[in-house]
Every structure is written in C-alpha cells, then in structure tokens.
Amino acid sequence: MAKRIIYNEQARRALERGIDILAESVAVTLGPKGRNVVLEKKFGAPQIINDGVTIAKEIELEDHIENTGVALIRQAASKTNDAAGDGTTTATVLAHAMVKAGLRNVAAGANAITLKKGIDKATEFLVGKIQENSKPISDSNAIAQCGTIAAGNDEEVGQMIANAMDKVGKEGVISLEEGKSMTTELEVTEGMRFDKGYISPYFATDTERMEAVLDEPYILLTDKKIALVQDLVPVLEQIAKTGKPLVIIAEDIEKEALATLVVNRLRGVLNVAAVKAPGFGDRRKAMLEDMAVLTNGQLITEDAGLKLENATLDMLGTGRRITINKETTTIVAEGNEQAVKARCDQIKKQMDETDSSYDKEKLQERLAKLAGGVAVIKVGAATETEMKDKKLRLEDAINATKAAVEEGIVPGGGTTLAHLSPILKEWADKNLEGEELIGANIVEASLTAPLMRIAENAGSNGAVIAENVKTKPFNDGFNAATGEYVDMSSAGIVDPAKVTRSGLQNAASIAGMVLTTECIVADLPEKKDSAAPAGAPGMGGDFDY
C-alpha cells in the first residue's frame, strides 16, 4: 500500500489533532462530577462507561496520521492501567497538557531533544517528591477511602473492598463475578492464584476480555511434559462422557498435544484449557502438591508411581470455578478446609526450620496463596449496561487499593500534583538552565491540568481554583463534590501514590516521544470507488436499475 510521509511542524500538528480528540473525550469523565461516555457497539446494547482506558481503546479515527496521535496517548493510559490499574484519565490529561505546552515551544524554535531531557529530569525529581509525601496505609478505613474515590465516590464499594482485604489479607486475591441480584455482595472462598496464564489464546472462552472461565472443571495436575496426545486420550475420553470442562496444569504441553487440545476445544468436543505449572524444580512440584490438596486431587507424578495414561477421574482435582487470562490463573475450590489447614501447618513448620530468607519468602508466598483464599465480589445491577459500568469501576477500585497498600497514599483530587508545581519550579530554577529549564517548566505548567479539569467538570473556574490550592498547605485541596477547600486526608479524598507516580511517568514519556517526532510515515487513505452511474432513460439500456 502507498504511504504518506509528512515532516516537521505539519507532522506534529497532525499528531496533536488526534491527541486533542482523544484527550477531550476521556477528560469529560474526570472527577466526582465527571460525565459518562456512551460507546456504540456493533452487536448488543451501547455501553455507558466512566473509565478512561476503555474509552481510549474504542477511539479509531479515519485519518491515519491523527490516529497515530490517538494511539500514542492511548499508550499512556494503557501503561498506567497495567502498572497501577487506575489513574488512566489523569495520565491522559497530563500527557495532553505536556504535549500542548511542548509543541508551542518547539514551534518557537526550541530544541526538542533538550526539552525532553528537561522533562525527564523534572519527572525524576517529582517521583522522589511523591514518594516523600506518601503515607503508608495503616487501617482498613484508609483502604475504604481509596476504594471509594476510585469507584467514583461509592462508599459502599470502598467499604466492601476494605472488608475483603481484611478477610484475605494483603496477599489475598479479590476477583469479580456478575451477580444474580440487584445488590453487590461479598463472598470469601478458598482459592489460589498463580502467575501463569493459558498456553494458547485459543483456550479463551470470553474473547472480549481474553479470559478462559471454566465452571466446575476437573483439574489434571502433573509435573511432566505432555508430548504425545496418546498419553491423555484415556482421561479425555472419561471426561468427555461427564460433559464437564477440564483444566490441565503441567510442566509443559508440546506442539502436537497442544494442537489436538485446541482443535477439540474449537470444535466443541471438550471444553479444555491448559496452563504451565508455576515455579521451577522442587518448588514447582511443591506448588502442584498445594494445588492437589486445595482441589482434592492427586499430583500425577512418576515419583509416586502414577502415569498419565493410567489416570482416572478420581485422581483429578475439582474446583468451583477457574479463571485463566494471559498472565494469571485463579482456582476457586470449595469444601476441603481440613486438608488445606493441615497443609498450611506443614508450610509454617518448614518456615520455622529454614534459615534461608529466600526460602522463607517463597514459603510465605505459598502460605498466602493457600490460606488467603479468594474474595469474590458479586456485582449486582438492574441492567446489563449498568453491570458493565459497575464492574469497570469496581476493577479500578480494587486495583487502587492494592496500589495504595504497596506504595502508600497521597492527597487526591489532583491536589498532590498541583502542590508539587511550585516546588518543582523552585528546584528547576536552581538546578537547570536553558532549554532543559523550559522542559521542566512544561511539566510544571501541566501539573495543575488534572485539578483544573476536575474543577471545570464540576462547573467551577479551574484556573482560579488551581492558583488558590497552590497557596494552601500540602494536604489541603478542592473537594469538587461539595465545592469547598478541605483537608483532603480528613475528607477521605486520597489517591494511591503509585497511581499518581505511574500516570506522571507515562504522560512524560509519551510527551517526550511526540515532541521529538520529526517525520510520520502512514498509509494513504483508500479511495472509495464511486458507484457506476445508472442507465439514463433513452440510453437504450435493456434493464431497469
């Protein structure tokens, strides 16, 4: 396909147009009085949401060059979502503000490479300051506040997540399910999560989320490589008769056996998914044994004289539900408390006996996975559209609370970044000069953008509020829900430090990339063939068109 190549200012302006479109559509959702966005779906009902990264993923523009700008800023939202699970709208607003200010300077003749250096140095300084000002989370009240803000000021959700964390511990797993009633409920079950996903994406049952969800499956656990499908045939035939799904957790599954499983899955002969076992060597075997205890099955290992070809249904484990995505697997089992408790006691004993801090840490991880269990939040809503929106908000809230436990909390509502603006200016004036100083000033000017947007979405004058907040103590900010200046921590308006940090770093990274762009190569838009004209009357045509 022929390409279009554009240079210099023209290239940067085209990117900017795409960035403007995406940033505006995402920014309307920011803050307690942010609005919703409706996404048209080719199939099914439209989706009404308030989640920055989901909106960003939906936007595709006709102009390929502008679409490149959209893709760049979408990356800032996606990376923030991957790192912290929340703060995607803030990252988008920050990146947009930095790009706008930066392009003005580049157009005026500033050197983009030196500007980028200034932006990077300013960001590094700010990351240190965010960590300096973060407070560790000490009680479930602070966890509830974090969840409440991330869920769009829903106190019930915040409290529910705090309760879930109390029950499963900081190491435990909190997962979401669609509930059957109108109310959102919390249920804590035994379960385990480990960091290995499906071997092939063809095992996914939900192609939109790229997840495999199997209800009441059999679980085949083995510490050997499965090379030949013949080894599996006897057990597969037994399972096919029951009509239940199967999850295979093995050291590895080689091409021939994997291809056979995938074909059976796609043809609907057997609902199957395969996962590589976590860990290495003896630790892998120990983790597989943990899973066997949890699921009330046996580990099929030649050390115990068991072979795959002789496996029977009573050797397989069972679970209530297994959820597998690209990176993780969550097993929810039930009704095996005695055996799990005995296994936990055994691990605790090993922890007391070992001197190695590394072994202790790994045993602690295993214990948390076995004992922690899984908290399941069953999302309730009146309609499917509301259910999807609630689920996204809850996902953000869970991620935000986990991020808060990791790196602590800072004043929310854009307050932290706004207060860091004059601190950065003072530092930059002393430590940077020339165009690097201009780069730092670009970041400094952008730091108030999230606060201004939150205020504007609440119907206030953003610029005035940002200036007022800068003059107040570090903890004081603007509560957009009530329109008052308050102590943010006391009012429960807090953000996880990790979310603020990730958003800032990803925004600065994307802004630096856009500013240093000098040329864009993109596909030429395809010419649409105009339809052939119909036969005019009196032209002697035999057919009516």
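The backbone N, Cα and C atoms fix where each Cβ goes, and this holds for glycine too.
Binding site for ATP per Swiss-Prot: Thr29, Leu30, Gly31, Pro32, Asp86, Gly87, Thr88, Thr89, Thr90, Gly413, Asn479, Ala480, Ala481, plus Asp495 from the candidate set Asp429, Asp495. Put simply, the two farthest-apart Cα atoms among Thr29, Leu30, Gly31, Pro32, Asp86, Gly87, Thr88, Thr89, Thr90, Gly413, Asn479, Ala480, Ala481, Asp495, the recorded binders of ATP, are 20 Å from each other. All chains included, 33 other C-beta atoms sit within 10 angstroms of the C-beta of Asp86 (ATP binding site). Around the Cβ of Thr90 (ATP binding site), the same chain contributes Leu30, Gly52, Thr80, Gly414, Pro450, Val499, Thr500, Gly503, each under 8 angstroms and 6 or more positions distant in sequence.
Counting other Cβ atoms within 10 Å of each Cβ, the binding-site residues Thr29, Thr88 show the lowest value at Thr29.
Cβ neighbour count for Gly31 (ATP binding site) (all protein chains, 10 Å cutoff from its Cβ): 25.
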